[in-house]
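According to Swiss-Prot, the protein has these features:
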type	residues	note
REGION	456-531	region 'Type E motif'
REGION	532-562	region 'Type E(+) motif'
REGION	563-657	region 'Type DYW motif'
REPEAT	45-75	repeat 'PPR 1'
REPEAT	76-110	repeat 'PPR 2'
REPEAT	111-141	repeat 'PPR 3'
REPEAT	142-176	repeat 'PPR 4'
REPEAT	177-215	repeat 'PPR 5'
REPEAT	216-246	repeat 'PPR 6'
REPEAT	247-277	repeat 'PPR 7'
REPEAT	284-318	repeat 'PPR 8'
REPEAT	319-349	repeat 'PPR 9'
REPEAT	350-384	repeat 'PPR 10'
REPEAT	385-420	repeat 'PPR 11'
REPEAT	421-451	repeat 'PPR 12'
TRANSIT	1-51	transit peptide
Amino acid sequence: MFLSHPPQVIQPTYHTVNFLPRSPLKPPSCSVALNNPSISSGAGAKISNNQLIQSLCKEGKLKQAIRVLSQESSPSQQTYELLILCCGHRSSLSDALRVHRHILDNGSDQDPFLATKLIGMYSDLGSVDYARKVFDKTRKRTIYVWNALFRALTLAGHGEEVLGLYWKMNRIGVESDRFTYTYVLKACVASECTVNHLMKGKEIHAHLTRRGYSSHVYIMTTLVDMYARFGCVDYASYVFGGMPVRNVVSWSAMIACYAKNGKAFEALRTFREMMRETKDSSPNSVTMVSVLQACASLAALEQGKLIHGYILRRGLDSILPVISALVTMYGRCGKLEVGQRVFDRMHDRDVVSWNSLISSYGVHGYGKKAIQIFEEMLANGASPTPVTFVSVLGACSHEGLVEEGKRLFETMWRDHGIKPQIEHYACMVDLLGRANRLDEAAKMVQDMRTEPGPKVWGSLLGSCRIHGNVELAERASRRLFALEPKNAGNYVLLADIYAEAQMWDEVKRVKKLLEHRGLQKLPGRCWMEVRRKMYSFVSVDEFNPLMEQIHAFLVKLAEDMKEKGYIPQTKGVLYELETEEKERIVLGHSEKLALAFGLINTSKGEPIRITKNLRLCEDCHLFTKFISKFMEKEILVRDVNRFHRFKNGVCSCGDYW
């Protein structure tokens, strides 16, 4: 789709606008220049001054170069270029302004080449307003001048302005080049990622395809990254699949796209393809971070260990983002002690490293330990970020540390100047709600200074599910249905609450509403790794004939556990059925299928690790406790909220999840 009404083109009028101070350069005397016997009047002096300035710039002696500049009336373009580059890398804004003033006084400000360099200089110094002014005063705007401004504005986060200027540039007939498309594609995600920005990105995709840039590896890689940031995995995959040439950056972009958008299997598959197909280049640190993220998502411990070994062999174990990703990977694979050892061996730590460790302890339910690490982080001089508080407040929630969580929430703004965001309020509502302090949770939502979003109302509805508060659940669900009419999970959660309260007419009403809106319940799915291979299991009401062995094993196992005291918990079944039929349904839950497969295919004493995409239900939680006791198995289950470590009939969550 193309713009039906392109922006109106206003032909610029040019006026002399002085945005720099008009004071002549009167620097202190330069002993280097004045004492140089080669400097004398005439052409020889000009050559010597230019050469001296260039030499000083190359040596990083900007102050001295500027002093010599005051003695030179006609610096060459190369001299100005080196001065501008030196200013961008080493100077204060005042030095840059002095060089710019000399260019203006010398009448060289309309040189498009120097204008391009000046815009880049001001961008590097973080002075985007000066960059705009240089652009506005430049009459002959080549594509390089436009690109320089696009780069400056994109880096400064002014994506909307870049896109507006891009359409204007097209209207006046300036041809884009490969750098133009790179900058404007990045501009699409420089601000908030909205549907409007996505549509503009698709239009730019069409433009560059028509103009023959669809085979350029760098542009296509940027396009993959743009679609990834919008969550358009299929578009990104299509672009990547059509690339005739791929480099390590393009492979890394596609792997990151899958890893960040919940496609961990595809991320690992793409990494394997990369290792087979790339001969001239090896995966870099960016690749490793994304692959480790995929391993963490699936709790693929054995594959994560292989990646760790590769990182060590490649010497990437000194790069902070890689080490932080390793800490997270081991934590989310249930090997908290290994993640701690990796962290302890770090020579340098940044806030991301600390956040990784805090989050790892939090997801295992060790709230007190997470708080201890948080305080250790502060003692080491690291400043917390909003992500830090999400991690530590989440840790408090999983262990029920209400007062500690409230204290930390209060310190965010008071001690650290961090304004609580929606995510922090959602953590607090979850903390209070899990502790059955639903009135406090509801009051916090009511007193919020910003509009509560789906995360906050979702936390409240989840708490109502735990404690069976129908009235508050109805209030929260009404807001969620308005905010997220297409999120089937909210309808299912309300139906669960009604089912546990035996309110079957209301269950039917919610199910009809779900069907009327064309929504489907997200099926429960589990993953597990056995001998370095990943297996996936989906909840079904009717058993798959291909899983007859697992089915038969489960039926026998359930009968054995019943003899030992196991009573199936069927309150959450959304059907008004006979007890036997309900038991058959809960026996088909994905975590039970994965558990049975693990019992069949692992040796005695070998732990079973399962990852689930939803909250662990009460029946599966109880069933797994019985299995861990009577089958003498250690079983680790990571659901959407936290880790459950089952051993000898006891769960590490203390039945608080």
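The backbone N, Cα and C atoms fix where each Cβ goes, and this holds for glycine too.
On this model, are these features tucked inside or out on the surface, and what's nearby?
Per-residue pLDDT, averaged across the region 'Type E(+) motif' (532-562), gives 80.
Residues 12, 14, 17, 19, 77, 80-81, 84-85, 87-89, 91, 93, 96, 100, 103, 147-149, 151-153, 155-156, 158, 174 of the same chain sit 6 or more residues outside the repeat 'PPR 3' (111-141) yet have a Cβ under 8 Å from a Cβ within it.
For the repeat 'PPR 4' (142-176), same-chain residues at least 6 beyond its ends with a Cβ under 8 Å from one of its own Cβ atoms are 3, 6-7, 9, 112-113, 115-117, 119-120, 122-123, 126, 128, 131-132, 135, 183-184, 186-191, 197, 200, 204, 207-208, 211.
Remote same-chain residues near the repeat 'PPR 5' (177-215) are listed as 1-3, 143, 146-147, 150-151, 153-154, 157-160, 162-163, 166, 169-170, 222-223, 225-227, 229-230, 232, 242-245 (criterion: CB distance under 8 Å, separation of at least six residues from the stretch ends).
Applying DSSP to the repeat 'PPR 6' (216-246) sorts its residues as follows: 22 helix, 0 strand, 9 coil.
Tertiary proximity for the repeat 'PPR 8' (284-318) is limited to same-chain residues at least six positions away from its ends with a CB under 8 Å from its CB atoms, namely 248-249, 251-252, 255-256, 258-260, 262, 264-265, 267-268, 271, 274, 325-326, 328-335, 347, 527-529, 531-532, 534, 609-611, 636, 638.
For the repeat 'PPR 9' (319-349), the residues of the chain that approach it from at least six positions outside its boundaries are 285, 288-289, 292-293, 295-297, 299-301, 304, 307-308, 311, 355-357, 359-361, 363-364, 366, 380, 382, 607, 609, 636, 638, 643, 645, judged by C-beta separation under 8 angstroms.
As a summary of secondary structure, the repeat 'PPR 10' (350-384) carries 26 helix, 0 strand, 9 coil according to DSSP.
Beyond the repeat 'PPR 11' (385-420), the same-chain residues lying 6 or more positions past its ends with a Cβ under 8 Å from any Cβ of the stretch are 351, 354-355, 358-359, 361-363, 365-368, 370-371, 374, 377, 427-428, 430-432, 434-435, 437, 641-642, 653, 656-657.
Helix first, then strand, then coil: DSSP counts for the repeat 'PPR 12' (421-451) stand at 23 helix, 0 strand, 8 coil.
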Using a Cβ cut-off under 8 Å, which residues of the same chain at least 6 positions beyond either end of the repeat 'PPR 6' (216-246) come close to it?
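Same-chain contacts beyond the ends: 178, 181-182, 185-186, 188-189, 193, 197-198, 201, 205, 208, 253-254, 256-258, 260-261, 263, 277-278.
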Which residue counts does DSSP give the repeat 'PPR 3' (111-141) for helix, strand and coil?
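Taking the repeat 'PPR 3' (111-141) as a whole: 23 helix, 0 strand, 8 coil.
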DSSP says what for the repeat 'PPR 9' (319-349): how many helix, strand, coil residues?
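Counts, helix then strand then coil: 22 helix, 0 strand, 9 coil.
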